[in-house]
Amino acid sequence: MKLEILESFENKYPNRDYTIEIVNPEFTSVCPITGLPDFGTITIRYVPNQRCVELKSLKYYFFEFRNAGIFYENITNKVLDDMVALLEPRSISVITEWKARGGITETVSVHYTSQS
């Protein structure tokens, strides 16, 4: 989960508020307690400022989680923190929706709004 993997490009419309939504329905990680794989959908929704995330780099960033033992809540917050560091967006939300484990599903959401 290296921030250095992520790349961005210049937003050609920085004076316009518009929303970018990215959905990865095949997100995987590993439960740090059981070592079993976790499967989920991750959605990133943001209003860009000066930069936009480059999707191929985001795909490789997501691959970094495949073998990582990490809790759902930590994944969601880590992705938000890394995206804020990379993009400095006007606002951003990260939502993770996890497949049932033992009959229980979980959804974690976190939001950031720029103070400027």
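Here the Cβ of each residue, glycine as well, is placed from N, Cα and C on the backbone.
Annotated features, as they stand in Swiss-Prot:
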- Cys31: active site, thioimide intermediate (ACT_SITE)
- Asp38: active site, proton donor (ACT_SITE)
- Val53, Glu54, Leu55, Tyr72, Glu73: substrate binding site (BINDING)
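Glu54 (substrate binding site) has a Cβ environment of 13 other Cβ atoms inside 10 Å. Across Val53, Glu54, Leu55, Tyr72, Glu73, which the record gives as binding substrate, the greatest C-alpha separation is 24 Å. Secondary structure from DSSP puts Glu73 (substrate binding site) in a helix. Counting Cβ atoms from all protein chains shown, Asp38 (active site, proton donor) has 22 others lying within 10 Å of its own Cβ. On a Cα basis, the residue listed as 'active site, thioimide intermediate' lies 26 Å away from Leu55 (substrate binding site).
The shortest Cα-Cα distance between Cys31 (active site, thioimide intermediate) and any of the binding-site residues Glu54, Tyr72, Glu73 is the one to Tyr72. In sequence order, Val108 are the residues of the chain that are 6 or more apart from Glu73 (substrate binding site) and have a CB within less than 8 Å of its CB. Counting only same-chain residues six or more apart in sequence, the Cβ atoms lying under 8 angstroms from the Cβ of Tyr72 (substrate binding site) belong to Asp38, Gly40, Thr96, Trp98, Glu106, Val108.
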